[in-house]
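Take a look at the structure below.
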Amino acid sequence: MGAMAQNPPNLRPDLAPRLVIDSPRREGQPTIGMVSLGCPKALVDSERILTRLRAEGYAISPDYAGADAVIVNTCGFLDSAKVESLEAIGEALRENGRVIVTGCLGAEPDYITGAHPKVLAVTGPHQYEQVLDAVHGAVPPAPDPFVDLLPATGVRLTPRHFSYLKISEGCNHTCRFCIIPDMRGRLASRPERAVLREAEKLVEAGVRELLVISQDTSAYGTDWKGPEKFPILPLARELGRLGAWVRLHYVYPYPHVRELIPLMAEGLVLPYLDIPFQHAHPEVLKRMARPAAAARTLDEIAAWRRDCPEIALRSTFIVGYPGETEAEFQTLLDWLDEAQLDRVGCFQYENVAGARSNALPDHVAPEVKQERWDRFMEKAQAISEVKLAAKVGRRIEVIVDEVDEDGATCRTKADAPEIDGNLFIDEGFRGLAPGDILTVEVEEAGEYDIWGRPV
């Protein structure tokens, strides 16, 4: 019986790793395994499920052999993600035999049971109670759970020094290529008090970096219809006062995003914006049902940089969207030249079951999509290389992620875990530990990573 795989599925540039977790157990204690696939938002769902199970006295197994049953939290955003999820379910069935499926792909139970009829149960995304009911049916809880085994912060699947902080569920946008609103529903923001309470507990437990996530972070709180027009602003300000790094992900490019920039200039929030622009040509954006103001976006980027010169901008793009012409793609390349984004991810368009974009005319041939992806990433890499070379000789603050006998792997304020680059320390790293924050002088730069020494 093998250990559960921990390698990233590598389906999209912004996917979280495939993770498992271990916990102490006592003889006869009911034990559950967890395989978590997909984005950081799914990772938070896995953490919540495991926290509830630990509170009920379940132990968590890092391998199939030690588990009484295995939960597979799936991704179903792209067809390739669905294939990866089915493979993970099949592996869990072969190695353990008792499998409960949850997550985004769980919204298509017939698809799962058609491929794997022996799964014990299938539940959809963030259906925590249904998952727990399925676990109780498969592996009854111990009569006297040891609640004191549960850490104050709950079960977490990230390293101890950083944590994802989910502030809302769902999305109100109707992008033609996306089925997330169908899977996760409309926007439902968590109360600010609940978010801050969770963040405070995390920081008290030693978390040095909070990664704020949702489907649409800049829309946080707009579903309340209250007097505050931009509720993410006071939330970000309060999070920034906790003393940890605060990094904002999935910020939709609304005009009022500019109000966040002063918080970055003041140092309350990291000077980093993860904004999914998706494309730059107005006609492509219109076919995507996205805002089509590329020129205004460039003006906004210039204003952000004027108000906070240290800001790092990350974005993701789709190439080969149905109907995309060579001229439209060239507009995207030209826009990227002007925007000079710091970090860029890109994937080739593919149909997703249930997406309205499937019915659009003039789908782009696979070889053309690949060729455009290659050209796009070549330009993005060249921009990254120049930007990183400009950091050589500068002193910057970094957070340590890992330390081994060869050195320390760190990140700058411009780099989120898993999706961005690293700063490596090859000398003078003895005594460093994950979560340490220190100043480093940059000595060398590559295409996506930099090297430095402590000062």
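Just so it is clear, glycine is given a Cβ too, placed from its N, Cα and C backbone atoms.
Remember, it's a predicted structure, so these values are computed and weren't measured experimentally.
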Name the one residue among Cys75, Cys171 that Swiss-Prot lists for the same [4Fe-4S] cluster 1 site as Cys39, Cys104. Cys75
Can you check how the pLDDT averages out over the domain 'Radical SAM core' (157-386)? 92
Using DSSP reduced to three states, classify Cys175 ([4Fe-4S] cluster 2 binding site) as helix, strand or coil. coil
Please report the number of other Cβ atoms within 10 Å of the Cβ of Cys39 ([4Fe-4S] cluster 1 binding site). 23
Can you count the other CB atoms that lie within 10 A of the CB of Cys178 ([4Fe-4S] cluster 2 binding site)? 22
Excluding near sequence neighbours, so keeping only residues 6 or more apart in the same chain, what lies with its CB under 8 A of Cys104 ([4Fe-4S] cluster 1 binding site)? Gly38, Ala42, Thr74, Cys75, Gly76, Phe77, Gly124, Pro125, Ile180, Met183, Arg184
Most crowded position, judged by CB atoms within 10 A, among Cys75, Cys171, Cys175 as binding-site residues: Cys75
In DSSP terms, helix, strand or coil for Cys104 ([4Fe-4S] cluster 1 binding site)? helix
Give the distance between the Cα atoms of Cys171 ([4Fe-4S] cluster 2 binding site) and Cys39 ([4Fe-4S] cluster 1 binding site), rounded to the nearest whole Å. 15
